[in-house]
């Protein structure tokens with residue numbers, strides 16, 4: 001079946017449809033990773049978006065149950081140059097096309113993805129429509145122009161869990177086997193789910209955390225009632241400045257000067273907003289597996305997926321230290337409080353997909369919780 005991509009500026013790209021038949025409208029973005037398409041498609045941070053893969057081949061390894069970051073795809077549509085008709089991988093349980101059709105996700109193949117990406121790079125991420133049901137370009141453009149911008153949208157509460165639960169890992173996805181052989185103290189961590197990836201939960205667990213997951217709209221009383229050793233603020237989709245409940249929660253928790261806190265991606269931005277900072281929308285975002293980030297004399301190659309960033313000039317330098325920058329455009333990639341055990345990174349140390357350079361941030365979180373526990377013991381003995 002024939003298909004179309006219609007952008008808000010009126011540009012039309014033609015290709016062949018796959019997956020579910022229908023129309024999807026959302027923000028058109030691109031990911032530059034050469035692998036990990038299943039993790040990307042199921043990452044809740046992509047909610048509401050039409051994802052263009054720059055690597056020309058897609059679907060070569062099929063799909064499986066182990067590489068899901070959520071139960072279902074988060075993206076509204078998938079765009080690619082070439083789709084593999086037959087996967088080749090020992091873990092594959094089906095084709096990407098069948099899986100997308102099963103979950104109602106529209107796909108478009110055979111389009112000039114290089115031209116799409118150049119247009120997004122030069123003009124910025126914009127709304128668009130992918131259609132495989134015969135809807136005319138004129139009608140699609142009308143629907144696209146009526147669709148809301150990603151700016152101002154609180155998507156975190158839409159994708160967050162609706163109930164509290166304790167994480168129990170169904171897979172053995174910890175890539176560092178040394179962690180499994182070491183005796184570790186267990187730490188109780190409360191994770192606020194703004195769209196959390198399973199890989200993050202697995203890395204926290206592998207590093208010695210018993211994780212209690214709470215909905216995005218939780219208040220400080222619900223968090224502190226669980227007597228956490230530390231609090232984790234997760235990744236998630238949408239505009240961070242629109243997540244009012246999350247910002248309010250972070251402000252409340254920051255009033256405890258001894259409570260360790262760690263934020264990733266959206267959670268990092270929420271920390272910055274709670275500290276009086278502001279965010280802005282990036283032109284076309286950072287979405288890929290090889291973004292260099294520098295800080296403290298160390299360069300990490302990182303996995304990233306975000307369309308907003310903290311404004312460094314909005315942060316109080318007397319209280320907040322910017323610890324990392326994205327070395328491609330110098331945007332803020334990490335922060336820490338000078339007088340509290342609180343820090344965040346804009347990228348994904350859990351990878352999935354991507355490099356493992358930044359996994360040490362989980363160990364840092366553990367060390368902060370261990371220091372607090374030891375300080376409490378000394379105080380009780382004195």
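A Cβ is built for glycine as well, from the same backbone N, Cα and C atoms used for every other residue.
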Among 45, 88 - the residue Swiss-Prot places in the same L-glutamine site as 236, 238, 266, 269, 305, 307, 308: 45
Rounded mean pLDDT for the residues that make up the region 'CPSase' (1-184): 93
Recorded positions near residue 348 (active site) (Cα-Cα within 10 Å), from 45, 238, 265, 305, 307, 308: 265, 305
Distance [Cα-Cα, Å, rounded] between residue 350 (active site) and residue 266 (L-glutamine binding site): 14
Site of maximum Cβ density within 10 Å, from recorded positions 265, 266: 266
Densest Cβ neighbourhood among 236, 238 (binding-site residues), 10 Å radius: 236
